[in-house]
C-alpha cells in the first residue's frame, strides 16, 4: 500500500515567499521561508533585486502630488512588479522549489502615500500581475484593513517581532533602521507589545549622500564620519511636532523628505555637507534613543535590522545617544538572535501571508491604534 504523506500541523503550514521594498526604494528584499505551527520559521533562501534608476526616479516622483498621477502610478506599479517577479524566480531557483510547493507570496508593495489621518495608505503594487508572472497565489494590501479599523496601518512588524524575538524576563527593543526608523518594545514580563515610527533614518541620510556624493547611500557611514554633529542644526531638526507626539503614530516620506530638510537647512547655509550628514545620522540616533528612554527605560538590549544595520557609524551614534538618554542597553543586530538584519522585514510579510492563510490577525491594535486585531491582506489566486 502507498505510504500516507504526513499532514501539516496546521492547514496553513508550508513555504511562503515574503517581499519587501521599503522607503529607501533601492530594491526588493525577498525570502523563502517554511512556517510550521509551534516551530521557528526556517529560511530556505534569500534574494535582493535592485531597481533601475529610472524606476527609482518614478517612485520618488510619486511621493508628492503631481500631474497625470494615475497613469504614472500604473506604469510604475507594473515596472515594480516585474522586479518582484525576478526576485521570486531567484528565490524559487535558489531553494529548488516547484511552483506547487509555494503556498503564497506575501508582498508589501511600495508605499507612495501614507496618510492614515485621512483614512488611507497607498502601496504601489499590481498583485494580479505578480500572480500571473509567477503562477503562485499572492497576498497583498496588508495595511488598508488596519486603517479601515481606525489604525495607522503601521507598523505591522511588531506582531512578528514578538513571535520571533521575544524572551521571557527580558525587555528587548527591535529597531528597524530603514528609510524611516521604528521600534518594537517587547516586554519581558507581561504588558502589551508596543511599536511605532520614531522618525527619519536612511530616507534623509541617503538623499543627502546622493545629492553630494552622487551615490545612492552613505557606504558604511564614511561620509558622516568625516563630519561633526552641528548642535544648533540638530536642535532645529528635532524641533518637529512628530518627535514629541505620543504613540500610536506612524510617518514616512510624506513628512520627512528632502523638501523638509531643505526648509530646515535654510538658516544653516554655511554648514558643510559632511557636517549635515553627521547631524542627520545623529538625528536618527537621538530620535530613537529618546523614544526608548521614554517608553522602555528598563531595556537592556536593542537589536537593529534594516539597511542601517550595515552602517557602523549610525550604530555607534545610537549607542552614544542611548547612553546620553540614560538607557544602559547594548546595541547589536538581529543576527545575534539568529536572523540576519536584511531578512527581517521580508520575513515579516511572509509571516503576514501565513497569518492570512490561517485567517488569524496580523496586526496588534495596541501598536497601530486600530479598533481591534484584524486579519490583514487580500488574496490574488494564481
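Each residue, glycine too, has its Cβ placed from N, Cα and C.
The model shown is predicted, which means the values in this text are computed figures rather than measured ones.
Pulled from Swiss-Prot:
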BINDING   22, 23, 24, 25, 26, 27, 28, 29  ATP binding site
Binding-site residues listed as 26, 29, least Cβ neighbours within 10 Å: 26
Number of Cβ atoms other than its own within 10 Å, given for residue 27 (ATP binding site): 19
Listed in sequence order, residues not in 22, 23, 24, 25, 26, 27, 28, 29 with Cβ within 8 Å of the centre of the ATP site Cβ atoms: 20, 21, 51, 178, 179, 307
Candidate with sparsest Cβ neighbourhood (10 Å radius) among 23, 24, the listed binding-site residues: 24
DSSP-derived class (H/G/I helix, E/B strand, else coil) of residue 29 (ATP binding site): strand
Assigned conformation of residue 23 (ATP binding site) - DSSP reduced to three states: coil
